[in-house]
Amino acid sequence: MAMAEGERTECAEPPRDEPPAEGTLKRAEELKTQANDYFKAKDYENAIKFYSQAIELNPSNAIYYGNRSLAYLRTECYGYALGDATRAIELDKKYIKGYYRRAASNMALGKFRAALRDYETVVKVKPNDKDAKMKYQECSKIVKQKAFERAIAGDEHRRSVVDSLDIESMTIEDEYSGPKLEDGKVTITFMKDLMQWYKDQKKLHRKCAYQILVQVKEVLCKLSTLVETTLKETEKITVCGDTHGQFYDLLNIFELNGLPSETNPYIFNGDFVDRGSFSVEVILTLFGFKLLYPDHFHLLRGNHETDNMNQIYGFEGEVKAKYTAQMYELFSEVFEWLPLAQCINGKVLIMHGGLFSEDGVTLDDIRKIERNRQPPDSGPMCDLLWSDPQPQNGRSVSKRGVSCQFGPDVTKAFLEENQLDYIIRSHEVKAEGYEVAHGGRCVTVFSAPNYCDQMGNKASYIHLQGSDLRPQFHQFTAVPHPNVKPMAYANTLLQLGMM
């Protein structure tokens, strides 16, 4: 999710030789006050706009950068947030909020050691601040955990959780009245019962969950990194974007558009989990349908099907709360086998993030990506999961701090080289649930309405018909869900108001 295109101004303007006049300073303060009001109203795009105007008038005020950094954090523009926080500290090394903001930005980017250094600075300056101490201690735990994971990775990196499971010996207790696989297989009856069971806020038995995970891993590992699908003229397929643990909105998609079947195929374009607090329900439902219709129900990996994101934004915590740490490890293994892209009739390419940091990438290059891993910090795999379009030509540094932003000329050149018509991607919330950019060559679809219970956005899904492949957009709005807030299982730092 991110702010609208074209709103960004540079983070670090060069200081002026002469200080601004008193009237200019007064106007800058008025703009900051307006920005603060927009921020309180959760209108972060306008908050950023007015903070930026204040900075233009007075580029030496650390508070303006600190405030805009927080607004960027709320819109998931972590790269911009990091730049603003760093600039605030450069302007005023005693501005403690600058260190808080920079730590939050680095946490969001998975740069835990860098975050720890800033939390340490805050604790030294404010040794009696309980909030600062708690954040420092929590971040320190993560750094130590990561160090431990690296230490044991050499011995166990390729050892599968599956090897240590004995599913057959797991007993389903007599008092459990929920859905069970029939002879170890997913059926349509099981799936209907499962969705109702989840709708009633009940938990699937761990044996059934493990059965689904082990079986879906077997299915996914046989797929190509680039899935290629042919639609006949009379056939259609539905493409959905981010669902982010919003299970009741997922049910609404199936209510509006029909359950998956061999005649009603789906593609879900990544970011199934995190943020929403029903991520386990979402992902096991999607995996169940993948087992039921392996050739007609498609799942692509998003940037949130990764360990770093799951550790921060809730999925790891949710699986541990509802099941066990071992089950989360198996989820992580399964996520590594999710394909990265899908091509329809050789003309429409679908991926979660977008296009590439370098020219000349071909479909064959995508096919050759070894996806069974955590994504690197750069390169084609990273770009497919993380990049975003921009309105201006060329490429620029990513607002997220990962991968890049690519312009209409980049999209046009990629499509021409690969004989494609357009791309479909997700990865960003859009007010109307979708966006058509780059002269119709870059389509964004987002399927989590009222994202995180606060954005107020519509959501959408796309129909593609084999006869012409023109995208047909279908919008929908959020439905009620049980009183469990988003991020309920997120990292403690997030719950403490890190962002």
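Cβ atoms are placed via backbone N, Cα and C, with glycine included.
Record features (Swiss-Prot):
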type	residues	note
MOD_RES	ALA2	N-acetylalanine
REPEAT	62-95	repeat 'TPR 2'
REPEAT	96-129	repeat 'TPR 3'
BINDING	HIS244, ARG275, ASN303, HIS304, ARG400, HIS427	substrate binding site
Residues HIS244, ARG275, ASN303, HIS304, ARG400, HIS427 binding substrate per the record - widest CA separation, whole Å: 18
Given a Cβ distance threshold of under 8 angstroms, which distant residues of the chain, six or more beyond its ends, lie next to the repeat 'TPR 2' (62-95)? 1-3, 8, 11-12, 28, 32, 35-36, 39, 42, 44-45, 47-48, 51-52, 54-55, 101-102, 104-106, 108-109, 125, 397-402, 499
When you measure from the Cβ of ASN303 (substrate binding site), how many other Cβ atoms are you left with inside 10 Å? 24
Suppose you look only at the repeat 'TPR 2' (62-95); what would the mean pLDDT be? 96
What counts of helix, strand and coil residues does DSSP assign across the repeat 'TPR 2' (62-95)? 27 helix, 0 strand, 7 coil
Just give the helix, strand and coil counts over the repeat 'TPR 3' (96-129), going by DSSP. 27 helix, 0 strand, 7 coil
